[in-house]
Amino acid sequence: MPNQHTMASSNLLPVGSNISTWWNFGSMLLTCLALQTLTGFFLAIHYTANINLAFSSVTHIVRDVPYGWIMQNMHAIGASMFFICIYTHIARGLYYGLYLNKEVWLSGTALLIVLMATAFFGYVLPWGQMSFWAATVITNLLTAIPYMGPKLTTWFWGGFSINDPTLTRFFALHFILPFLIISLSSIHIMLLHNEGSNNPLGTNPDIDKIPFHPYHSYKDMFIITTMIATLFIIMSFMPNLFNDPENFSKANPLVTPQHIKPEWYFLFAYGILRSIPNKLGGTMALLMSVLILTTMPFTHTSHIRSLTFRPITQVVFWTFIATFITITWTATKPVEPPFILISQMASSMYFLFFIIHPLLGWVENKIMMINH
């Protein structure tokens, strides 16, 4: 289209006119990343990576450092915001068939794995009860690896149990991984702009494009302002909304919490891990809960890209979202009936989505052929 070339030559970045609010989460994630990097840097200045001093150094940041409470709360709540945005971003990708842009989808999945690792290392740093025991449970999964598992665990811990060397390396990893996230994000954005974003209809947007600025840039700014306002409201009035009460006590290896659980954004994976009564099987399921996303570009069978015009698959998609929430809820409960059965059923349904999705695409193709 002539106007598209004119826009491109004027550096106006032509974008499809019909992209909805679901397309704003990329810029929200970029804002979250900037906030996390900035607040993380100021927290790292005052933090001490030592098992005897870590807990008191976090207390010192909150109580004595000027505006330290803002930095600490913004970093902790910002992590939750980050995951709310990223899960919505992924759900949008699944719904609108954006995974067919393979390079973008696979780089995004790699980004998610690095992000989850970074968040896990960060959760251990305050050295509270839940930090210590969550680290013990998750790192212990390495022992499930046949033959080399125990040696690998000892090497990772830097000793025969979680101790000072473990905290030091977790801090080093938590500091370095965000730079990898920034690099991968740049690659992710470059790959996206190589082909251009899709739209809710799943059609070729070249026929109707408008300049990114001012139309979409103002929309981005509005949603970012809303997100930051929400962040400040939670930080001011409900700062401990996402915190675990156990983490207000210093780590004690001799006292086990009644119910060990990670942060809410890992509960879906933790629920899947717990639903399998076998260490290696559970570890494999835990890894697959995230890695299975990489199969989506290769198992798409429908002639239609987006779910906008696929009502049968829409039902399956929303069942998948409900399943995700159910697993998250059951993971907060103790391992006892009826939660064991609910967790196992929900975990089975979670993986079943990735099998049913391509089959339904094939069925829908057949229905359309009959109608034609």
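Going from the start of the chain as shown, residues are counted 1 onward.
Backbone N, Cα and C atoms are what each Cβ position is placed from, and that goes for glycine too.
As recorded in Swiss-Prot, the features of this protein are as follows:
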{"type": "TRANSMEM", "residues": "25-45", "note": "transmembrane segment"}
{"type": "TRANSMEM", "residues": "69-90", "note": "transmembrane segment"}
{"type": "BINDING", "residues": "His75, His174", "note": "heme b b562 binding site"}
{"type": "BINDING", "residues": "His89, His188", "note": "heme b b566 binding site"}
{"type": "TRANSMEM", "residues": "105-125", "note": "transmembrane segment"}
{"type": "TRANSMEM", "residues": "170-190", "note": "transmembrane segment"}
{"type": "BINDING", "residues": "His193", "note": "ubiquinone binding site"}
{"type": "TRANSMEM", "residues": "218-238", "note": "transmembrane segment"}
{"type": "TRANSMEM", "residues": "280-300", "note": "transmembrane segment"}
{"type": "TRANSMEM", "residues": "312-332", "note": "transmembrane segment"}
{"type": "TRANSMEM", "residues": "339-358", "note": "transmembrane segment"}
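Everything Swiss-Prot records as a feature, shown here on the structure.
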residue: His75; record: heme b b562 binding site; DSSP class: helix
residue: His89; record: heme b b566 binding site; DSSP class: helix
residue: His174; record: heme b b562 binding site; DSSP class: helix
residue: His188; record: heme b b566 binding site; DSSP class: helix
residue: His193; record: ubiquinone binding site; DSSP class: helix
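Counting C-beta pairs under 8 angstroms (sequence separation of 6 or more), the transmembrane segment (25-45) reaches the transmembrane segment (218-238) with 3 or more such pairs. There are 11 other Cβ atoms within 10 Å of the Cβ belonging to His193 (ubiquinone binding site). With respect to their backbone Cα atoms, His89 (heme b b566 binding site) and His174 (heme b b562 binding site) stand 23 Å from each other. Note: the stretches the transmembrane segment (105-125) and the transmembrane segment (218-238) are not in contact (fewer than 3 CB pairs below 8 A, sequence gap of 6 or more). Around the Cβ of His75 (heme b b562 binding site), the same chain contributes Gln36, Thr39, Gly40, Leu43, each under 8 angstroms and 6 or more positions distant in sequence. With a threshold of 8 Å between CB atoms, the same-chain residues lying at least 6 positions outside the transmembrane segment (280-300) that come near it are 90, 94, 97, 99-100, 102, 105-106, 109, 112-113, 116, 141, 144, 146, 268-270, 272-274, 347, 350-351, 354, 357-358, 361. Each residue contributes its Cα atom, and for the residue listed as 'ubiquinone binding site' and His174 (heme b b562 binding site) these two points are 29 Å apart.
Spatially close to His174 (heme b b562 binding site) yet at least six residues away along the chain are Thr118, Phe121, Gly122, Leu125, judged by Cβ distances under 8 angstroms. Here His188 (heme b b566 binding site) comes close to Val104, Ser107, Gly108, Leu111: these same-chain residues lie at least six apart in sequence, with C-beta atoms under 8 angstroms from its C-beta.
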